[in-house]
Amino acid sequence: MQRIAVVPGSFDPVTRGHLDVIERAAGLYDELHVVVVHNPDKNALLPIAQRVSLIEQSIEEAGIAGRVVVASWSMGLLVDYCTDVGATVLVKGIRSQVDVAYETPMAIVNRHLAGVETVFLLPDPANAHVSSSLVRQVSALGGDVTPYVPPAVADFLAGARIP
Ligand code: PNS
């Protein structure tokens, strides 16, 4: 049986922490979908299509593009996307007890809704402090985000790839 997993998130923008989880999850499952979901609880910086494009460029740079599907989902429950593509697992990165508290109710609800299990991966310690909100703040104030994001995102945020 094909084991299909989904890494969901806002990815606003994708960080080195996200990419670490994506690369490791791609090694654990037969097929991996990275799905950009609008989170109404957060003020978005980038349009969804731009976030998808930056993930596509980042996984290309990382050499895993052939094994990962990048998509967005705005049609309802995340588990409906999982059902549509035959995914039985959600993969999330857990950096701290704050993440555990945030993710636990969602994991329970997603299992109740559709039997979709959630697997938590611990980040590489080098990325444990990295978040998209930190990246947005440092970038907005003119700081160097190169250590925190894939090269494609650093270039984009520096203005080199603004269409
Ligand atoms: O990167 P984020 O913002 O922490 O990701 C949160 C996200 C998008 C994964 C979460 O908000 C989500 O799963 N949204 C989908 C809506 C949904 O299915 N809600 C009900 C079950 S939790």
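Any Cβ shown, glycine's included, is placed from N, Cα and C.
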Identity of the substrate-site residue among Ser10, Ser58, Ser131 (reference: Lys42, Leu78, Lys92, source: TrEMBL): Ser10
Residues among the binding-site residues Ser10, Leu78, Glu103, Ala128, Ser132 that border ligand 1 - Cβ under 6 angstroms, in sequence order: Ser10, Leu78
Fewest other Cβ within 10 angstroms of its own Cβ, chosen from the binding-site residues Leu78, Ile94, Ala128, Val130: Ala128
Listed binding-site residues (His18, Lys42, Lys92), ranked by Cβ neighbours within 10 Å, top entry: His18
Inter-residue Cα distance where the pair is Lys92 (substrate binding site) and Val130 (ATP binding site), in Å: 14
Chain-internal residues, separated by at least six, CB under 8 A from Ser132 (ATP binding site): Ser10, Phe11, Asp12, Pro13, Val14, Thr15, His18
Protein Cβ atoms within 10 Å of Glu103 (ATP binding site), excluding its own: 16
